[in-house]
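What TrEMBL says about this protein:
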DOMAIN    10-51  domain 'CST complex subunit Stn1 N-terminal'
DOMAIN    88-179  domain 'CST complex subunit Stn1 N-terminal'
COMPBIAS  159-185  compositional bias 'Basic and acidic residues'
REGION    159-205  region 'Disordered'
COMPBIAS  196-205  compositional bias 'Basic and acidic residues'
Amino acid sequence: MPALTVPEHFYFYNNLPIKWVRIVGVVVAVEQFVNRRLYSIDDSSGSNIFAVTTASISAEPKNEVAACEPRAMTEARAADLQQADPYADIDVGTVVDVKGGLSTYRDERQINIEKMVIVKNTAQEVVLWEKRTKFHRDILDIPWLLRDKDIRHCCREAERSEAKKEQKRVKEEEEKKQPRKKAADAKLPVRGMKRKGSDDDGAAKRMRMIIKEHALTGKYSALGL
């Protein structure tokens, strides 16, 4: 039976494979980088969780935009910026509901944000905490068991995957050998073509000589040769 490898960006909670997570907490820090923004979120779990987004970000501060443009233009520009950067209004102290995939960066787990919304009031936050408790009780606390049928299916999939990899490797090796074989085979036709060309040149030369000789006797004068 082939060893089954864990797919990238999958993690385990007990024996449950986890790819997507959802947290609710308050933003305690925001770090801005060239192509990403990092939020540090306190979800009352005992340690802060990092959530990262690569949404495009305007380099112009909001106060400069407001000072230099009329109000109507400022509002339109703000709407465009909001569309380009959906998380522009989220800052330190904002309570957020975050959904995303897990990844590891420099040995630290983080959430790659798929969706992040502001939790507007305490009542909404309480509802989300209740959903979390129910999910933990009904899903995470129950061991995940695979049926024998599922295990056999997974093994067959793994075997097919390994077979495809082997076929691809063999094909690549054959393709690497073919250019050298083609180059070796191509040399013979080239030499043959040269010989043919030389023969043609000799025949043409003889023909010119014959024409020249007969031209002197006037045999081909009617053709202008």
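Every residue, even glycine, has its Cβ placed from backbone N, Cα and C.
With a cut-off of 8 Å between Cβ atoms, the residues of this chain six or more beyond the domain 'CST complex subunit Stn1 N-terminal' (10-51) that come close are 57, 87, 90-102, 105, 108-114, 116, 119, 125, 128-129, 132, 139-140, 143-144. Residues in the domain 'CST complex subunit Stn1 N-terminal' (88-179) partition by DSSP class (helix H, G, I; strand E, B; coil) as 51 helix, 22 strand, 19 coil. Mean pLDDT for the domain 'CST complex subunit Stn1 N-terminal' (10-51) in the predicted structure: 90.
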